[in-house]
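Taken straight from TrEMBL:
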type	residues	note
TRANSMEM	A:6-25	transmembrane segment
TRANSMEM	A:45-65	transmembrane segment
TRANSMEM	A:77-96	transmembrane segment
TRANSMEM	A:123-147	transmembrane segment
TRANSMEM	A:159-181	transmembrane segment
TRANSMEM	A:193-214	transmembrane segment
TRANSMEM	A:239-266	transmembrane segment
TRANSMEM	A:278-300	transmembrane segment
TRANSMEM	A:325-349	transmembrane segment
TRANSMEM	A:370-389	transmembrane segment
TRANSMEM	A:395-417	transmembrane segment
TRANSMEM	A:424-446	transmembrane segment
Amino acid sequence: MQGNLTALSITIFVILTVVLIGFLAGRDKSVRSSVEEWSVGGRRFGGLLVWFLVGADLYTAYTFLGLTSTAYSAGSLAFFAIPYSVLAFFISYFFLPKLWKVANHHKLTTLADYARERFDSKLLSALIAIVGVLMLIPYICLQLSGIQDTLQVAGTGFINVKVVVITSFLLVALYTFFSGIKGPTYTAIIKDVLVWAIMLFMVVSLPIIHFGGWNPMVDQIVKEAPQLLTIPNSGPKGIPWFITASLVSSLALFMWAHAATGIFTAKSGDALRKNAMFLPLYNIVLILVVFLGFIAFLVLPKGTDPRFALLSLIQTSYGGVAQGLAYSTIALASLIPCSIMAIGASNLFANNIYRDLINPQVKASRLTMITRGMVFVVIGLALLFGLVFPSALVSLQLLGVSGMVQIFPAIVISLFWKNQTREATIIGLLAGLAVTFTVYATGTSFGIYEGFWGIAANFLTVLVLNPFFVKRAQASSTPVKDYLFNQPAEEAHPERRGA
Amino acid sequence: MKKILLILIISLPFLAQLAVLPFVNRIEPVILGLPFLHFWLFLWIVLTPLCTFGIYHLQKSKGGLH
């Protein structure tokens with residue numbers, strides 16, 4: 001496989017430009033003056049900026065490469081991503097504004113912070129942080145393999161792919177350290193615009209190039225590969241899997257540290273409500289992109305590695321310039337989310353593992369420095385695992401969503417259920433994780449998504465155990481609990497304190 | 001009355017995108033160039049935001065948003 005020099009030059013040029021913008025975003029020293037400024041931009045972002053940020057966050061290189069590769073090898077199962085993300089934004093409408101309000105009022109920057117204050121439990125906060133970091137590092141590795149595959153297709157014969165991957169990730173770590181959330185926010189706009197433009201371009205042009213248009217393409221899939229167009233009714237991954245995977249993933253989406261970072265940047269709860277309305281529209285491109293996996297199935301020689309379905313399709317279909325733009329889009333879709341994920345993981349580590357467990361007396365300025373420095377550790381670990389032990393991560397990647405969803409009761413249910421107790425929540429979380437891992441390890445999921453069994457066990461445990469601890473929970477209170485449940489409606493705070 | 005409407009609008013996206021999937025899992029008829037399953041999913045990408053918008057207005061008119 002030989003790369004294309006024009007395509008490679010364009011890709012590298014775009015990556016360097018974006019890195020430069022990432023650095024420029026941090027010109028003003030105030031962006032790194034505190035954890036709140038560095039990680040959530042002082043909560044000043046309006047609806048549009050949050051839309052770009054959350055969009056940039058969630059629609060990653062892995063989304064495009066992974067979904068087309070699933071479509072290529074497993075047909076319409078890949079479309080589970082559509083109801084999943086549409087429902088995730090719909091569900092978010094009901095709890096994100098409330099969560100944002102509490103976080104804003106009590107100056108919280110992570111979900112684990114919230115759980116600590118809500119339940120007065122450093123154990124719970126550390127548990128949530130550990131789950132968050134443990135699941136996020138493999139996810140960063142996935143982004144890494146996205147850019148690695150892209151550079152491999154674009155640059156074989158011209159560059160040492162590993163050296164370029166490591167360099168670009170270190171540059172991203174450096175600008176994240178320097179500019180905080182401002183870095184990925186401004187570059188997210190470039191990335192999102194490129195994603196929309198390039199994906200639309202591909203969705204329109206690829207069917208024309210290979211079939212003479214969209215409708216002839218669909219006709220040909222119906223004729224030659226109808227099995228791709230429906231979901232199997234049974235089997236290890238059939239309709240029940242599709243439904244439970246969509247549902248569980250939609251509950252899990254905003255439990256990810258990087259998604260939480262994105263929403264805490266908002267300046268008001270209303271910005272988040274509007275976001276919940278407009279974010280599903282992002283999927284209009286996504287659903288069409290999945291069809292590119294079907295094109296790959298019909299066009300590429302049999303036996304192509306599914307992992308390279310989209311990239312090989314780009315390579316065989318376009319000249320150097322279009323290839324270059326497509327590759328740069330995928331490269332950006334891998335680098336920018338990485339930056340936001342690194343912020344989320346660093347924040348969890350510094351605030352909820354280091355401060356809550358190890359050194360509660362740490363000074364604010366030192367904590368800010370530790371949070372920022374953790375970016376190098378997180379990205380370094382991801383590089384190490386991604387490049388040295390790629391196979392060790394596969395299980396964690398597959399279990400990421402099922403693991404993350406287990407904090408849903410601690411974060412979301414607790415916003416609405418006054419008498420939810422610390423003890424039941426912690427045991428539920430542990431039970432959920434244990435069941436998920438057991439089902440995964442023994443392979444006994446009965447055609448249902450693993451995380452579904454986990455979250456069912458989690459909810460059940462909380463419900464059964466809660467009455468045993470409820471007396472003490474009723475007697476004690478925390479400022480966050482008071483704020484959530486004991487505040488007369490007419491005294492409701494304005495959305496921003498002091499505004 | 002408004003409460004029933006609210007519950008209805010809230011459950012609609014879940015019913016449409018999860019519960020009825022076994023019934024829309026088919027190729028024919030192809031609508032707007034999309035096999036029926038994909039057309040159905042596409043339709044709800046557009047309709048779900050409308051549900052959210054409806055809920056937003058219902059809540060606002062009740063003064064439930066603060």
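Placed from the backbone N, Cα and C atoms, the Cβ positions cover glycine too.
It should be emphasised that the depicted structure is a prediction, and the values quoted were computed from it without experimental measurement.
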Hey, would you say the transmembrane segment (A:159-181) packs against the transmembrane segment (A:325-349), going by three or more CB pairs under 8 A that are 6+ residues apart?
yes
In the same chain, who gets a Cβ under 8 Å from the transmembrane segment (A:193-214) while lying at least 6 residues past its ends?
14, 59, 64, 220, 285, 288-289, 291-292, 295, 298-299, 313-314, 317, 322, 325-326, 328-329, 332-333
Is the transmembrane segment (A:123-147) packed against any residues at least 6 beyond its ends, judged by a Cβ distance under 8 Å, and which are they?
60-62, 65-66, 110-113, 115-116, 165, 168-169, 256-258, 330-331, 333-335, 337-338, 341-342, 344-345, 348-349, 351-353, 356-357, 378-379, 381-383, 385-387, 390, 393, 396-397, 399-400, 403-404, 406-407, 410-411, 422, 425-426, 429-430, 433
Are there at least 3 C-beta pairs under 8 angstroms linking the transmembrane segment (A:278-300) and the transmembrane segment (A:395-417), leaving out pairs fewer than 6 apart in sequence?
no
Taking contact to mean three or more C-beta pairs under 8 angstroms, with sequence separation of 6 or more, is the transmembrane segment (A:239-266) in contact with the transmembrane segment (A:6-25)?
no
Which of A:77-96, A:325-349, A:424-446 shares the most C-beta pairs under 8 angstroms with the transmembrane segment (A:45-65)?
A:325-349
How about the transmembrane segment (A:325-349) with the transmembrane segment (A:77-96) - do they touch, taking at least 3 C-beta pairs under 8 Å (6 or more apart in sequence) as contact?
no
